[in-house]
Amino acid sequence: MHNDTIVALATPSGSGAIAVIRLSGNNAITIVDSHFKSVTNKKSLAKQKTHTIHLGHIVDDGRTLDEVLISIFKNPNSYTGEDVVEVSCHGSAYIQQEIIQLFLRNGCRMATAGEFTLRAFLNGKLDLSQAEAVADLISSDNEASHKIAIQQMRGGFSSEIAKLREELLNFASLIELELDFAEEDVEFADRTQFKELVDRITFVLKRLIDSFAVGNVIKNGIPVAIVGEPNVGKSTLLNALLNEDRAIVSEIAGTTRDTIEDEISIGGIGFRFIDTAGIRDTKDVVESIGIKKTFEKIDQSQVVIYLFDAQKNIDQLESVRIEIEKIRNKHPQKPLLVIANKIDTLDDIQLAEVNKSIADVLLLSAKTGFGVEQLTNSLLNLINTGSLRNDETIVTNSRHYDALLKAFEEIQKVKHGLETRLSGDLLAIDIRQALYHFGEITGEITTDDLLGNIFANFCIGK
Amino acid sequence: MLCAPKRITTSLGISVYKLFNVYLQNFCLELILFHVEQFNQERMFSDVYDVIVVGAGHAGSEAAAAAANMGSKTLLITMNLQNIAQMSCNPAMGGIAKGQIVREIDALGGYSGIVSDTSAIQFKMLNKSKGPAMWSPRVQSDRMRFAEDWRLLLEKTPNLDFYQEMVSGLLLESDKIVGVKTSLGIEVKAKSVVLTNGTFLNGLIHIGDKNFGGGRAGERAATGITEELMEIGFDSGRMKTGTPPRVDGRSLDYSKMIEQPGDKDPEKFSYLDITKPLTEQRSCHMTYTSPEVHDLLREGFDRSPMFNGRIKSVGPRYCPSIEDKINRFADKDRHQLFVEPEGWNTVEVYVNGFSTSLPEDVQFTALKSVVGFENVKFFRPGYAIEYDYFPPTQLKHTLETKLVDGLFFAGQINGTTGYEEAASQGLMAGINASLKVQEKDPFTLKRDEAYIGVLIDDLITKGTEEPYRMFTSRAEYRTLLRQDNADFRLTPKGYNLGLASEKRLERMEEKQKKSDAFVQFFRETSVKPEEANPVLESKNSAPVKQQDKMFRLFARPNITIDDVRKFKAVDQYIEENNLDPEVIEQTEIQVKYAGYIEKEKNNADKLNRLENLKIPKGFDYSRLKSMSMEARQKLAEIQPVTISQASRISGVSPNDISVLLVYLGR
């Protein structure tokens, strides 16, 4: 059993205003207590109630390290289910290290990655899906993924599977009834009704499986490819989007030399903007490689933004239109936003010209900020009108996703079996497998369930 | 008492007393020695048996036969030697899932299959329209011949002694069994004991509002053992089962019933050729109850021990009494009744489906209203019986009790119901008692190896709240556990145990070799469109454009062995290799269901990976706070050996298993 006490920095490493050092285990309170001097110098932490906060100093052999706030959580009412102490100290890396080192010298051990959550799981504070959701929660960096993780933590989505499983279980019971009580006067399972049920299950499974793609996108950010010539104003546009929301998350180097990805949170949803070169026809070998890459990037994206310099192209709007057509033809299903940038440099006649030549064009000036709000709204609309709605169940856990895929596969076999009038015992193999995969999400299916169901509902036995 | 001297007060005083005392002591010693000597000379059971089997029903008979055949000096003790291998309930062996068990017993070298064949009056392969895993052999038996054939087989078994007496106690040395004590006070020493008490432990028979002690109608109950076992620390419970009335066949009008004949081409249970399929069969008949019958039965409900609270114990849900069926399924206006002859010659008839503990007059009046039963004469009324059982979670997979070394339980004492379930446990207990005495490794069967493995694992791991009966749906991998391949699965094991004969092994190997070769023939041999297409078209199967391997055509749905036999090469092969129907059937199954069999094998392999994850002995579950209290208690009680077994315990969730896996460092 985990009797030892673990310690780790709970806030991100590096300097900040404050940092939180967390201890968990049997001796968490005593270890901190022996190096804590309350402001009144009279307090013993061990005697304090759970869920209380105490001001004082961490003292090492007479030397005061820092002024701190101590939060006490006594078992079992803590995150890990053990005694937990959180030391809020000042955020300098030096102070953090000094305090942690002090605890390590006095009976603590450095926590391994995820060990607090592991203990919470082992102490029954979280179930497996919840523990996984915590991991997601920690790494979630936008509102939508946060929401899903929270929903998952409350066990939201397994109830939908539980419902399906129950219906399938009834189905399975009927089949088993036919098999084990064939000698008797039992009603045979109505195959047409089964087919309907299987179709319904197929539909729901498909929706859940598809939601994984959305869920995954939300977790990792929605990839948006920006197609445009160099100097078309991509960075300015990204900066404008940033100003709108003031929340750049990260800037990571693209997977290829010529792409840069920027992750920006808009309206609580993460977007990953992928820079690409243009697709203008060229005979230049290097550039034609670039075009090929652009299309690859478009492939990987959920949304495409076609950005052009309105001023520079005012006389070549026809070739712009052809390029847009080219993208549309290649990816007819992909949402495409066409943006004319630098419209602050155009006069009214030129604006009308752009509007006339290019259908559904969004007029924008990254420099003045005109049209940026319309762009963010368009982006959010694309997402909201898609399969992501607040009340819908979304699958983000890859273990669940895997189980759903396998269940789907088995259900297709059941469907096929029904169509070819496969005998019940062979049909049952696939049904059981599907039930097993549902069980991976909701809880165990045992054959007892089948029998219990049979006995509860049917008159059998000589 | 004899030797306790009174104080003699004479003038000699103490010295006389002393002398006398010495004399008396010597005298006493001699007397004792004399008696012991004489007792030794007359003692019936001076030797120590390897195995004592208590009870000679289906479990006890198989246990005794297995132990004796494996070379153990065995004693079979039963309350009545006239009643060896009685069919206390219906005169039939096998059925869905049960028939597979009988085949398994036979494949291992037990006797149930042989006796079922020799005493059969009708054979049916049930579920023949479904996949081969569902094919289930069943026979109607001649009840008297069944018991007689069993007894004669046992009498021919070497190393086996018989004795008629009630065992009323166990001889223990600390936590080890050393023998049994009978109601006459005789002590018989043994290295191991198998208890197969059936429904006899404190058996209580109910008919209407009357009840009396008894183990079966007309036989007394056994007392003493439950109490002694509970004193040692065993938990016991109470179960209930029932049986229908037996009537005079001469009083029935069969012309008003539906005849149910046996199969046209009857098969048989035993893989050995010492038994033959039936050439002549007797029919059963079927009739129905009616709303009128239900009303008549309902009139007796206030005197039913089921409904007035007299019977408190649990009966099997799948073998309900007629009053239970009417009560629970009020909307059903008729129930099937099967009229089964009890033998070749007797006129006694068993009314299957009319199990009841209602008062005998209610039984009679109601049954008279059933079509065909208007003039019915009763031989024996139906009754319910309550008896003690011991929750089987107190056993190891060998059926040895966890509490007492060398003590094994088999049959209804473990909460099961059914002859086949009992017989298979008896066989396994007999084998393991024998192995234990011979200091050899225990013998167990896995869930993907045999229904017997499923049965015992279910009992040990899940326990049972109601009489446990086998169903095919209890097996995860029933496609592997077929009646046609029990010999492949188990005969080599039985042979290694010294139980299955060399002849058995040879027959099995021959069948395997021939069917493998025949399958290979289908894989290698092609057929031309002009020969194939007429056959395919006659079965609405798409014709072929060019020549194709026979295997592929044979594997198509709707195409059977009879169809492919129309190909010249096939018929020729069968003739040249002199293939018997068993080999042909085996080949057909292996060709037509190869995909499913392979799939189930893969699934079973997955299970076996968890089967290999052992849990250390005496693992302390109370430390695992993250587990539900229920899971911790169940795990501590059952002490599963592997993660896989742990996952099958009811009340243990996948979450609990992941906690366990994390703790075991997986």
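Just so it is clear, glycine is given a Cβ too, placed from its N, Cα and C backbone atoms.
Annotation note: A:GLU86 ((6S)-5-formyl-5,6,7,8-tetrahydrofolate binding site) sits in a strand segment as assigned by DSSP. Look at TrEMBL and you will find A:ARG22, A:GLU86, A:LYS125, A:LYS462 tagged as (6S)-5-formyl-5,6,7,8-tetrahydrofolate binding site.
Residues or ranges marked as domain 'TrmE-type G' in TrEMBL: A:221-384. Summarising model confidence by region, the domain 'TrmE-type G' (A:221-384) averages a pLDDT of 76.
The GTP binding site annotation in TrEMBL covers A:231-236, A:250-256, A:275-278. In sequence order, A:ASP309 constitute the residues six or more apart from A:ASN231 (GTP binding site) in its chain with CB-CB distances below 8 Å.
Residues or ranges marked as K(+) binding site in TrEMBL: A:ASN231, A:SER250, A:ILE252, A:THR255. In the three-state DSSP scheme, A:ASN231 (GTP binding site) falls into the coil class.
Neighbour count (other Cβ atoms within 10 Å of the Cβ, all protein chains): 13 for A:SER235 (Mg(2+) binding site). According to TrEMBL, the feature Mg(2+) binding site maps to A:SER235, A:THR256.
Taking the C-alpha positions, the distance from A:LYS234 (GTP binding site) to A:LYS125 ((6S)-5-formyl-5,6,7,8-tetrahydrofolate binding site) comes to 48 Å. Cα to Cα, A:LYS125 ((6S)-5-formyl-5,6,7,8-tetrahydrofolate binding site) and A:SER235 (Mg(2+) binding site) are separated by 46 Å. Cβ neighbour count for A:LYS125 ((6S)-5-formyl-5,6,7,8-tetrahydrofolate binding site) (all protein chains, 10 Å cutoff from its Cβ): 21.
Annotated pair A:SER235 (Mg(2+) binding site) and A:ARG22 ((6S)-5-formyl-5,6,7,8-tetrahydrofolate binding site), C-alpha to C-alpha distance, rounded: 41 Å. Sequence-distant contacts (6 or more apart, same chain, Cβ under 8 Å) of A:ARG22 ((6S)-5-formyl-5,6,7,8-tetrahydrofolate binding site) comprise A:VAL7, A:ALA8, A:LEU9, A:ALA10, A:VAL84, A:VAL85, A:GLU86, A:VAL87, A:PHE116. Of all the Cβ atoms in the protein chains shown, 22 others lie within 10 Å of the Cβ of A:LYS234 (GTP binding site).
Using a 10 Å radius centred on the Cβ of A:GLU86 ((6S)-5-formyl-5,6,7,8-tetrahydrofolate binding site) and all shown protein chains, the other Cβ atoms total 21.
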